[in-house]
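Asker: The region 'Disordered' feature in TrEMBL is assigned to 63-84, 296-348. Look at TrEMBL and you will find 121-249 tagged as domain 'TFIID subunit TAF5 NTD2'. The annotation compositional bias 'Acidic residues' is assigned in TrEMBL to 296-307. Feature annotation from TrEMBL assigns compositional bias 'Basic and acidic residues' to 319-330. Summarising the annotation, TrEMBL assigns repeat 'WD' to 378-419, 451-486, 493-524, 535-576, 577-610, 619-651.
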Amino acid sequence: DRQTLVAVLQFLRRSNLRESEEILRREARLLGDDLGGNVATVATSSPGVAAVAAVPPGKGEARGDCGIGSSSRQEPRKAGSPCAARSLGGSPLFWDTRIGAVVVEDQPDVSAVLSAYNQQGDPTLYEEYYSGLKHFIECSLDCHRAELSQLFYPLFVHMYLELVYNQHESEAKSFFERFHGDQECYYQDDLRVLSSLTKKEHMKGNETMLDFRTSKFVLRISRDSYQLLKRHLQEKQNNQIWNIVQEHLYIDIFDGMPRSKQQIDAMVGSLAGEAKREANKAKVFFGLLKEPEFDVPLDDEDEEGENEEGKPKKKKPKKDNVGSKSKKQDPNAPPQNRIPLPELKDSDKLDKVMNMKEAARRVRLGPECLPSICFYTFLNAYQGLTAVDITDDSSMIVGGFADSTVRVWSVTPKKLRSVKTAADLSLIDKESDDVLERIMDEKTASELKILYGHSGPVYGTSFSPDRNYLLSCSEDGTVRLWSLQTFTCLVGYKGHNYPVWDTQFSPYGYYFVSGGHDRVARLWATDHYQPLRIFAGHLADVTCTRFHPNSNYIATGSADRTIRLWDVLNGNCVRIFTGHKGPIHSLAFSPNGRFLATGATDGRVLLWDIGHGLMVGELKGHTDTIYALRFSRDGEILASGSMDNTVRLWDAVKAFEDLETDDFTTATGHINLPENSQDLLLGTYMTKSTPVVHLHFTRRNLLLAAGAYSSQ
């Protein structure tokens with residue numbers, strides 16, 4: 001009201017904030033006259049200027065909502081004298097005299113969040129408002145139309161919810177029926193949820209709607225299109241829509257050409273719109289850590305004559321293509337000690353030597369030389385196969401099942417054996433050379449071990465890099481760590497209160513990540529009961545998790561249709577990728593750490609440049625959810641496996657060459673994807689009736705795939 005406005009203006013003058021005072025006067029005159037003396041929400045865009053929120057007609061509270069570049073801090077009561085305290089669902093507001101902004105204490109509760117929908121306008125005019133805007137956008141120039149059309153969906157949802165909240169049920173129903181067909185096809189699932197909310201009571205417990213209310217929907221629009229919209233709404237005095245734009249949408253304005261329909265379609269579709277450009281500006285160390293250096297001995301047959309005591313073994317210099325990569329420090333790599341990584345044990349060094357020998361015999365893949373594919377089909381898996389993993393050296397395969405068991409198979413002639421009992425171990429000569437063989441109990445040798453312990457379906461499994469441990473996560477809310485020496489459960493990690501959908505060991509062991517229905521991912525270390533980091537920010541279940549090859553970052557895919565990249569060091573979210581039209585179910589980093597591939601229920605594989613925070617490719621071909629993605633060992637080929645019973649191979653080298661990542665593209669998101677991804681498709685391989693749930697390249701680049709035969 002006028003008194004409050006006058007008080008604010010006097011306060012601004014006293015505090016020598018002339019610029020803010022001017023802006024407020026201008027805005028108040030601009031919108032104040034139409035509102036019969038009330039002032040609309042003012043969002044100031046000059047840096048460091050606080051945003052002031054006053055009350056539109058009939059609203060029961062003020063919002064401490066900040067405009068672009070404004071500051072609003074949660075301060076204790078003593079910060080400023082309470083000279084304007086209206087309540088927001090019971091939480092008092094205070095003027096903070098140092099920054100001149102409304103301070104809202106604590107997080108608003110559900111009723112407070114919803115009460116922002118208090119009656120604002122004439123319910124019978126909502127359809128008119130919306131169709132007026134629709135008419136205006138459809139008649140605007142082509143270059144603006146595509147950008148402004150992004151407003152349809154968020155406005156539709158907010159206007160519908162406002163009608164429902166204020167108990168105009170019949171108006172809400174007719175509004176929904178008239179306009180829901182105009183929304184983009186990728187919002188169908190959200191609209192289905194929305195259509196079931198027909199009464200005010202329904203809104204109280206609905207998480208999806210709460211998210212929609214609390215997180216501002218982000219639209220990226222060029223300055224020209226935004227000015228056009230603003231002018232139209234102010235001429236028409238369409239305060240209803242203008243209020244929603246101000247309060248519930250975050251418009252990320254960029255200078256430059258408006259984006260085309262294709263460019264926008266590629267990026268939108270997530271639960272909260274696109275990512276703000278600011279979200280992808282942080283520096284990411286995507287390079288690989290330097291490998292520790294040790295010499296690779298000659299192959300066994302060349303070594304035989306050299307093994308008498310006292311004579312040094314002859315060392316053969318490593319082959320260039322294996323060794324030279326790790327010698328130079330990658331300029332984009334994180335500092336070696338940025339996060340503490342476990343020391344290499346002797347057995348790890350031995351394994352690395354084996355790995356390098358295998359790598360020397362690795363097949364170079366490419367369009368002319370595709371990998372052979374070996375498919376492991378789980379037959380009679382009536383207990384429902386829900387997760388698969390294969391060890392790095394391809395010696396063991398594990399299946400997680402819906403009957404809550406975890407089953408481990410040996411896929412080499414070597415059987416799985418447990419360590420002997422304590423009594424038997426005490427009899428062993430610890431000095432003997434083959435002590436590691438002697439401690440194993442031959443009587444326990446078998447191809448399959450079954451691990452019991454979970455009390456619900458097992459949704460994720462992961463072997464440790466040294467093959468001594470196995471992780472499994474389940475619907476029972478726990479992550480379990482199993483010993484592959486004794487085939488028993490060592491620890492149950494409790495932190496998630498709901499089903500845990502995925503878990504994965506760090507490439508260096510020791511750390512692991514889990515993600516679940518509680519919308520957060522957690523970082524753990526095997527020797528801690530509590531998580532080390534909690535990554536919160538997704539608006540729906542975290543469905544898949546992946547460590548970056550340098551272990552400093554974790555990628556998470558979610559049912560909110562976004563992918564986030566988190567920094568392990570400080571827990572910050574450093575990248576948000578939007579563009580998928582359905583929940584994300586698979587993630588894969590390229591071996592060089594520069595790129596990320598993601599697959600979702602929309603049947604598309606999207607490729608991302610991590611350093612620039614940009615989408616750089618879209619691979620279309622699958623007709624169902626993509627559950628498995630894997631790059632070949634040198635990164636030339638990307639394999640994708642889907643519920644459509646196919647494995648597809650894509651040319652990764654070609655997909656990532658000649659990328660346009662100039663500053664303008666990075667700044668505005670004007671991405672130019674090739675029209676046709678078919679020329680990147682190198683092959684499609686059908687199974688008879690087996691959805692593909694896991695893919696793995698052996699150290700020599702043989703592709704292993706796995707899934708359970710389904711007999712529909």
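Quick reminder: no glycine exception, Cβ is built from N, Cα and C everywhere.
Remember, TrEMBL labels are computer predictions, not curated facts.
Describe each of these features in terms of where it is and what it packs against.
Answerer: Mean pLDDT across the domain 'TFIID subunit TAF5 NTD2' (121-249) comes to 84 in this model.
Within its own chain, the repeat 'WD' (378-419) has Cβ neighbours under 8 Å at 351, 354-355, 425, 439-442, 444-463, 465, 467, 470, 472, 474, 476, 482, 484-487, 693-694, 696, 698-699, 702, 704, 706-709, counting only residues six or more beyond its boundaries.
Below 8 angstroms of C-beta separation, residues 345, 347-348, 351, 384, 386-393, 395-396, 398-408, 416, 418-419, 492-505, 507-509, 512, 514, 516, 524, 526 of the same chain, each at least six residues beyond the ends of the repeat 'WD' (451-486), sit close to that stretch.
Among residues of the same chain six or more beyond the repeat 'WD' (493-524), those with a C-beta under 8 A of the stretch's C-beta atoms are 341-342, 456, 459-466, 469, 471-481, 530-536, 538-547, 549, 551, 554, 556, 558, 566, 568.
Sequence-distant contacts of the repeat 'WD' (535-576) (same chain, at least 6 residues past either end, Cβ-Cβ under 8 Å): 208, 211, 215, 269-272, 275-276, 279-280, 282, 284-289, 333-334, 338-339, 341, 501-508, 511, 513-517, 519-523, 582-589, 591-593, 596, 598, 600, 608, 610, 613.
Residues 186, 189, 266-270, 273-275, 284, 286-288, 332, 540-541, 543-550, 555-559, 561-565, 616-631, 633-635, 638, 640, 642, 644, 650, 652, 655-656, 659, 661 of the same chain lie 6+ residues outside the repeat 'WD' (577-610) yet bring a C-beta within less than 8 angstroms of a C-beta in it.
Counting only same-chain residues 6+ beyond the ends of the repeat 'WD' (619-651), those with a CB under 8 A from a CB of the stretch are 359, 362, 364-367, 370-371, 373, 375, 582, 585-592, 597-601, 603-607, 677-678, 680-697, 699, 701, 703, 705, 707.
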Asker: Reported in the order helix, strand, coil, what are the DSSP residue counts of the repeat 'WD' (577-610)?
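Answerer: Tallying H, G and I as helix, E and B as strand, the rest coil: 0 helix, 20 strand, 14 coil.
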